[in-house]
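Heads up, here are the entries from Swiss-Prot:
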type: DISULFID; residues: Cys31-Cys84; note: disulfide bond
type: DISULFID; residues: Cys35-Cys60; note: disulfide bond
type: DISULFID; residues: Cys44-Cys65; note: disulfide bond
type: DISULFID; residues: Cys48-Cys67; note: disulfide bond
type: DOMAIN; residues: 20-85; note: domain 'LCN-type CS-alpha/beta'
type: SIGNAL; residues: 1-19; note: signal peptide
Amino acid sequence: MNSLLMITACLVLFGTVWAKEGYLVNKSTGCKYGCFWLGKNEGCDKECKAKNQGGSYGYCYAFGCWCEGLPESTPTYPLPNKTCSKK
């Protein structure tokens, strides 16, 4: 029983430690989600936690929304073979 608890705790820990992080990216333009209030930022946090993103926490870093705890399926900046175009 103790072994099962230890294995479960390790799996949870690995999932938390190895979670993806990065800048949120607009898939159509290839650009980062921008922000102006550096540090704790409600807009970035809300975007990161949105169902389509799946992150656990977001804040403004270097004028872009940085997300932590993202699933591997969520794309982050830069997108492969796509440059930022603000058209």
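Residue numbers in this text run from 1 along the chain shown.
Here the Cβ of each residue, glycine as well, is placed from N, Cα and C on the backbone.
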Rounded to a whole number, how many Å is the Cα of Cys31 (disulfide bond) away from the Cα of Cys65 (disulfide bond)?
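Per the Cα atoms, Cys31 (disulfide bond) and Cys65 (disulfide bond) stand 11 Å apart.
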So which one is it: of the disulfide-bonded residues Cys31, Cys65, which has the fewest other Cβ atoms within 10 Å?
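Each of the disulfide-bonded residues Cys31, Cys65 was scored by Cβ atoms within 10 Å; lowest is Cys31.
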Pop the mean pLDDT for the domain 'LCN-type CS-alpha/beta' (20-85) in here, whole number is fine.
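Averaged over the domain 'LCN-type CS-alpha/beta' (20-85), the predicted model reaches a pLDDT of 95.
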Are there any residues in the same chain, six or more apart in sequence, whose C-beta is under 8 angstroms from the C-beta of Cys60 (disulfide bond), and if so which?
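Looking at Cβ-Cβ distances below 8 Å from Cys60 (disulfide bond), excluding near sequence neighbours, one finds Cys35, Phe36, Trp37, Leu38, Gly39, Lys40, Asn41, Gly43, Cys44, Trp66.
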Could you check which of the disulfide-bonded residues Cys48, Cys65, Cys67 is the closest Cα neighbour of Cys84 (disulfide bond)?
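Result for Cys84 (disulfide bond): the nearest of the disulfide-bonded residues is Cys65.
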Which residue, of the disulfide-bonded residues Cys67, Cys84, has its CB surrounded by the fewest other CB atoms within 10 A?
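Candidates: the disulfide-bonded residues Cys67, Cys84. Fewest Cβ atoms within 10 Å: Cys84.
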Would you mind listing, in sequence order, the residues at least six apart from Cys48 (disulfide bond) in the same chain with a Cβ closer than 8 Å to its Cβ?
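Spatial neighbours, sequence-distant, of Cys48 (disulfide bond): Leu24, Gly55, Ser56, Tyr57, Gly58, Cys65, Cys67, Glu68, Leu70.
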Count the Cβ atoms, other than its own, that fall within 10 Å of the Cβ of Cys35 (disulfide bond), considering every protein chain shown.
22
Where does Cys65 (disulfide bond) sit in the DSSP three-state scheme?
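Reduced to three states, the DSSP call for Cys65 (disulfide bond) is strand.
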Measure from the Cβ of Cys44 (disulfide bond) and count the other Cβ atoms within 10 Å, all protein chains considered.
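I count 26 other Cβ atoms within 10 Å of it.
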